[in-house]
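Feature annotation from TrEMBL assigns Fe cation binding site to 52, 87, 90, 141, 176. The domain 'Ferritin-like diiron' annotation in TrEMBL covers 35-194. Summarising the annotation, TrEMBL assigns signal peptide to 1-19.
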C-alpha cells in the first residue's frame with residue numbers, strides 16, 4: 001500500500017512538472033462603472049496610509065526605548081505600544097476603505113497594491129524624558145491631523161467624494177482631536193510633577209499609565 005502511495009505521488013509530481021504553470025491568472029472582466037474614486041483622491045489616501053504606518057513605527061521605537069532595562073518606564077512603554085497599534089489600525093481601516101471602493105484594484109495603474117507600504121527607519125530612537133517623548137508624540141499627531149485634512153481637501157475637489165470626506169471627518173478627525181487633547185493634558189500634568197518632584201515625578205506618573 002505504501003508503494004502504491006509513493007507511485008501516486010511520483011505521478012502527481014511528474015504531471016505538475018510537465019504542466020504549463022502560471023504564477024498569476026488573467027483578470028476577469030468585471031464591470032468598472034462602480035469605480036468612482038478619482039486619481040487625486042486615491043493618491044492622497046495612499047500617502048495617508050504610509051503616514052499612518054510611519055507613525056506606528058515611531059511609536060514602536062518609543063515603546064521599545066522606554067522598555068529598556070536602563071530606562072524602565074513600563075507605563076510609557078505601554079502607552080506608546082498601544083499608540084503604535086492604534087496607528088496601524090488606522091492604516092488598516094484606510095486600506096479596507098480603498099478595497100471597498102475598488103481603489104486598489106490591480107487593473108487600475110494608479111492604484112497598484114504591491115508598492116502601497118514602505119517601511120522606513122525611525123531617525124530618533126532616544127528620548128531624554130517622558131515629557132520630551134510626549135511632546136514628540138503630540139507633534140507627530142498634529143502632523144497626521146494636518147495630513148488627514150489635506151486628504152479631505154483633495155477628495156473634495158471638483159468631484160466631491162462625499163462619503164469618504166464624511167468618513168474621514170467624522171471618524172478620523174474626531175479621534176485625532178481627542179488624542180491631541182489627551183497628549184496636551186499629559187504633557188501639562190507630567191511637567192508640573194517634574195517641576196515639583198524632579199525625576200521622581202516622572203517615576204510616579206509612569207505608574208499611573210499602567211492602570
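In case you wondered, yes, glycine gets a Cβ from its N, Cα and C as well.
Quantities reported herein were computed from a predicted structural model and do not represent experimental measurements.
The record gives 52, 87, 90, 141, 176 for Fe cation. Within 8 Å of the mean position of their Cβ atoms, the other Cβ atoms in that chain belong to 51, 55, 86, 144, 172, 175, 179. Of all Cβ atoms in the shown protein chains, 24 besides its own fall within 10 Å of the Cβ of residue 52 (Fe cation binding site).
In this model, the domain 'Ferritin-like diiron' (35-194) carries an average pLDDT of 92.
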